[in-house]
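Reading through the C-alpha cells given below for one structure.
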Amino acid sequence: MKIIKIELDFKKFLSISLILFLLLLVKKINMILTPFAVAFFIAYLLDPIVDKLESFKINRTLAVLVVFVLFSLLVFMLLMFLIPLLITEINQIVMKVPMYINKLEIKLKGVELYPQYKVYIDEVKNLFLKNLGKISNIMIQILGFLKASVGGMLNWILLYSIVPVLIFYFLKDFDMIVLKLKEVVKKKGHDEFVYKGEQFNKILKSYFRGQFIVSLCLAVMYSVVLLLIGIDGALFIGITAGLLSMVPYLGFVIGFLSSLIFAVVQFQDILHPVLVILGFTIVQIIESNFLTPKIVGESLGLHPVVVIFSIMAGGFLFGISGMIFSLPVAAFIKVQLDDYLQQ
C-alpha cells in the first residue's frame, strides 16, 4: 500500500515538473509562438463559417479558400481605409496643439493664480513649438529607426508573414485536430473531458465572437457620437475605445477620459464636455442593457476584475500569446473549480 502511495506521489511530481517545464519553454520561445497563437485564434473564429459552407456540400479546401480570401480582402480594405485616415487625424491633432495651448492661456488669464504659472505654460508651449517639426515628421523618424534596426525588423516581418499561411492550414485541418484530440482523450478513458471540452468550446466561441461584434458596434457608436459633437480625432478615439472594449471597461475609460480632455481643451466651454458625458452614458446604456446581454450574455461567467487580471497576467508572463489564451485558461480553471466545489 505504501509503495502505491509513493508511486502516485512520484507521478504527480513528474506531472507538475512537466507542466512547469512547458510553461518555462513557452516563456522562452514566446516570440516564435506568438504568430502561431494569433493564427490559431483567427482560425478558431473563422472555423464555423467554413463548417457552414461545408454543410452546403462544398469541399473543405474550397470552403477554406473562399473564407480565407474574403477575410484577407476585408483586412486589406480596412487597413487601406483606416490607416491613412487615422494618420491624418493624428497629424491634425498634433498641428492644432499650439492653438489649444493659446486658447487655454487666454482662459487662464482671468484666473488669479495665472501669473505664478505663466512661466511654466510658456516653457511647455516653447518646448512643443520647438519640437513641432520633429513631431509632424514622425513617420520619417520611424523610417530611420526601421533602417537602424533592419535586422530585427526583417526577423519580425519574416516571423509574422507566416501568419496567413498558418491561418489557412489551421482552418483546413481544424476539424481533424479536434477529432485527434478527442480520440487521445477517449483512449485514456476520460470521456467526461470530451463532454467538458465540447461545452467549454461552445462557451469560448460565443464569448469571443460576441465580444468582437460588441466591440465593433461600440467603435461605430463612439465614433459617430464624437463626430456629431465635433471632437478632433473622433475616429481615432472612437475606434481605439471600441477595440479596447474587448477588455471590460478599458475602452470606455480611455475613450471617455480622452474625449473629455479634448472637449475641454478644444471648446473650453461647459456644453461640449456635458455632450461627451451624455454621449458616452447613452452608448454605455445601450451596450450594458442590449448589446452585451443579447450578443455575448454571461458566456464565461467571469467577473470583470478576473478578466482584466487574467489578460494582464497573461501578457506579463507570455506576451501577446499569453493575452490571447489568458481568458480560455481562466475560464477552464473556473469550470474545474466549480466542478470540484460541487463534488
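Each Cβ is built from the backbone N, Cα and C atoms, and glycine gets one as well.
According to TrEMBL, the protein carries these features:
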- 9-26: transmembrane segment (TRANSMEM)
- 62-87: transmembrane segment (TRANSMEM)
- 153-171: transmembrane segment (TRANSMEM)
- 212-231: transmembrane segment (TRANSMEM)
- 237-263: transmembrane segment (TRANSMEM)
- 270-286: transmembrane segment (TRANSMEM)
- 306-333: transmembrane segment (TRANSMEM)
Positions on the same chain near the transmembrane segment (306-333), where near means CB under 8 A and six or more residues out: 26-27, 30-31, 33-34, 36-38, 41, 200, 203-204, 207, 247-250, 300
Distant-in-sequence neighbours of the transmembrane segment (212-231), which means Cβ under 8 A and at least six residues beyond its ends: 45, 237-239, 241-243, 245-246, 251, 255, 259, 262-263, 266-267, 272, 275-276, 279-280, 282-283, 286-287, 291-292, 295-296
Other parts of the chain folded back onto the transmembrane segment (237-263), taken as Cβ under 8 Å at six or more residues beyond its ends: 82, 86, 211-212, 214-227, 229, 231, 272-273, 275-277, 280, 284, 287, 304, 307-308, 311
